[in-house]
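See structure below.
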């Protein structure tokens with residue numbers, strides 16, 4: 001039991017952060033020299049931004065069933081995803097502006113590593129909507145991947161996904177190759193995330209050594225602010241949506257409590273995808289709806305990640321005294337409406353998309369990611385839990401709107417009257 005605790009990434013990161021704080025506090029000069037450890041980890045994350053979003057988007061779109069058969073369901077699902085994700089982004093933006101957890105840190109962006117972000121610094125965005133939209137179109141596909149321009153990669157991925165879907169069986173080989181490549185990419189992410197303790201140690205030691213223990217207070221405020229915001233979003237926003245569609249959000253949370261516990265331990269909503277497919281079908285949602293909404297939602301309906309992205313981006317601006325006027329914040333929202341759709345329900349994806357977003361916006365210092373590197377791991381639980389509840393609610397709502405929901409069965413399982421626990425466990429344990 002003790003060995004498993006020590007091997008836990010959560011424990012390792014927590015220990016690394018503690019050691020980083022102690023080193024930075026008692027030996028500030030030495031702590032400040034640990035900055036390359038955090039910078040190196042950020043560069044590793046940047047390395048796989050483009051391929052992970054390309055694979056996720058392509059397999060998500062190309063893996064859908066017949067467009068004609070599920071056209072209405074897909075359109076309703078995407079409309080729902082866009083509306084609720086936008087609400088999540090706005091809520092995160094409003095609360096971080098009101099609470100201002102990063103105000104007072106007074107971190108000079110010039111002290112952050114410029115070399116670590118040189119690749120993305122070259123992509124400084126031109127002001128104006130027209131240049132911004134034109135810049136989404138790449139000069140070449142290879143150029144989009146080589147430069148790391150995530151919006152260009154995302155555009156190509158969407159077009160590629162639709163084209164691959166139209167090929168049908170003829171494109172199955174290509175689909176299988178990309179899906180296999182996707183597994184390799186996520187395997188790389190898992191390996192990189194094992195280095196998170198080293199990166200967290202370096203980033204935290206540098207932050208405390210350079211700016212003092214007082215900077216840790218603002219980091220704690222960001223974590224608390226984010227968790228409270230996620231709880232409010234689930235209870236108020238998702239709760240209202242659930243009530244409007246005839247079910248209780250708290251009963252639904254109780255229904256998926258086992259899945260929530262798994263996600264809490266893994267920090268990845270993807271870890272319970274097979275279980276969610278099974279449980280949502282047993283909750284009265286037709287299989288065709290469940291098969292479309294749940295997998296698609298893992299890229300297009302990540303409410304917790306949306307809240308995190310706006311809060312983290314503005315926090316970096318506040319901490320580095322980077323002024324963000326209304327135009328800048330609207331631009332941030334527009335970019336996030338696109339880039340957040342490339343996130344995946346795996347640990348670290350939120351941080352990856354945050355890096356992509358900051359690089360695309362161009363106004364914020366990408367090296368500022370080091371400020372939240374040490375605490376990102378501890379916000380991933382709230383992200384994953386909110387994402388999971390959000391996708392479950394979305395499935396029920398879309399099923400109801402498409403007349404593909406057995407409401408009597410839904411009410412029965414939510415009331416714990418006919419919940420087939422044993423069957424669920426046995427069918428999803430493989």
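Placed from the backbone N, Cα and C atoms, the Cβ positions cover glycine too.
What Swiss-Prot says about this one:
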TRANSMEM  8-28  transmembrane segment
TRANSMEM  44-64  transmembrane segment
TRANSMEM  76-96  transmembrane segment
TRANSMEM  144-164  transmembrane segment
TRANSMEM  184-204  transmembrane segment
TRANSMEM  222-242  transmembrane segment
TRANSMEM  289-309  transmembrane segment
TRANSMEM  326-346  transmembrane segment
TRANSMEM  352-372  transmembrane segment
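Outside the transmembrane segment (76-96) by six or more residues, the chain places 225, 229, 232-233, 237, 241, 292-293, 296-297, 300-304, 306-311, 314-315, 318, 329, 332-333, 336-337, 340, 390, 394, 397-398, 401-402 with a CB less than 8 A from a CB of the stretch.
Against the transmembrane segment (44-64), stretch 144-164 shows more Cβ pairs under 8 Å than any other of 8-28, 144-164, 184-204, 222-242.
Of the Cβ pairs linking the transmembrane segment (184-204) with the transmembrane segment (289-309) and spaced 6 or more residues apart, fewer than 3 are under 8 Å, so the two regions do not touch. Here the listed stretches are 8-28, 144-164, 222-242, 352-372, and the one with the most C-beta pairs under 8 angstroms to the transmembrane segment (289-309) is 222-242.
Outside the transmembrane segment (222-242), and at least 6 residues removed from its termini, the chain residues within Cβ reach (under 8 Å) are 84, 87-88, 91-92, 95-96, 99, 101-102, 248-250, 252-253, 303-304, 307-308, 311-312, 315, 372, 375, 378-379, 382-383, 385-386, 389-390, 393, 396-397.
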